[in-house]
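Heads up: the structure comes next, in structure tokens.
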Amino acid sequence: MTEVLWPAAPNGTDAAFLASPGFHWGNSTATSTAAAAAPFRCALTKTGFQFYYLPAVYIVVFIIGFLGNSIAIWMFVFHMKPWSGISVYMFNLALADFLYVLTLPALIFYYFNKTNWIFGDAMCKLQRFIFHVNLYGSILFLTCISAHRYSGVVYPLKSLGRLKKKNAVYISVLVWLIVVVAISPILFYSGTGIRKNKTITCYDTTSDEYLRSYFIYSMCTTVAMFCVPLVLILGCYGLIVRALIYKDLDNSPLRRKSIYLVIIVLTVFAVSYIPFHVMKTMNLRARLDFQTPEMCTFNDRVYATYQVTRGLASLNSCVDPILYFLAGDTFRRRLSRATRKASRRSEANLQSKSEDMTLNILSEFKQNGDTSL
């Protein structure tokens, strides 16, 4: 199924042909005048895949992310005390992922409803805000985890004072403040718009009215909160790998956890973060500067690829729990212990209920005068 959207009206990333205020579509004179005055804009061609691909991905992310991060938060709160510095960062990462997956049911319904948003402008803004808070909060907390592991591997003695839990708490609070302040403009840029067919879109970026300033803002956040952390992470991992090669850490838990950390974080960046930021930037550039008849097919392909990377960007909420399990401090051992304890408690409860049931049956027989037992 292909939906061709009107080129003469703004074509936001989620939808096009929004009705302009005060514009009368039934007036042929006004229509011809506006068409002559308006610059050419490519018609945004929507293929049916986005109505099924994105909700399918979000359903998987919601189920796995909700279960995985719920277990992680439960473990950190009840079974991981006292926390180490890296546990503080991982708890905050799990919290950011959990808050994000809670917003996915509304987004799943939105795409199954043919991108007709019914939850109001405030909920649309909150939806896009939480997505970006999770995106950049996750990147910064992964950077903190990587720097923490780098200090422990490369400078194990010098870093003892710097790796305390108290410092990790202060840094985590600072990360949340930085992310919330940096992402707060999303509350202005995002929002809803009314299409010509009276359905409502929820912009994942912004409308064409604010596109130029949004592009500048997007580039600033991409450089400051994606490119810089990526360079820091790559630097940390390069030095970690070098230390693992030259230091006598064969078969040590620190070596194993460090290798897992490098593999998982680099996989998350390669699959989720890098493609999303590249295609988001290309899509914004296409909307701004590639509006010629010759570029319309290219723009459609960029837009379709960008939609694919939006789904990939949400997968980090599923992958992060694997990080806690493989690279966390004693997480796997304590999870196994907590599971065994819960299993023993369950068996004890079942045995107790069975004994109570047996006693009740015997009591009833005695009351009825049955002496055959």
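Cβ atoms here come from the backbone N, Cα and C positions, even for glycine.
Here the structure is a predicted model, which means the values were calculated and not measured.
Of the cysteines CYS42, CYS202, only one is given by Swiss-Prot as the disulfide partner of CYS124: CYS202. Cα of ARG287 (ADP binding site) to Cα of ASN197 (N-linked glycosylation site): a distance of 22 Å. The stretches the transmembrane segment (167-188) and the transmembrane segment (88-109) meet in space: the count of Cβ pairs below 8 angstroms, excluding pairs fewer than 6 apart in sequence, reaches at least three. A distance of 20 Å separates the Cα atom of CYS124 (disulfide bond) from that of TYR306 (ADP binding site). Considering other CB atoms within 10 Å as the measure, the emptiest surroundings among the recorded positions ASN197, ASN283 are those of ASN197. Between the transmembrane segment (304-325) and the transmembrane segment (126-147), three or more CB pairs separated by 6 or more residues in sequence fall under 8 Å, so the two stretches touch. Contact between the transmembrane segment (261-284) and the transmembrane segment (88-109) does not hold: fewer than three of their C-beta pairs are under 8 Å, each pair 6 or more apart in sequence.
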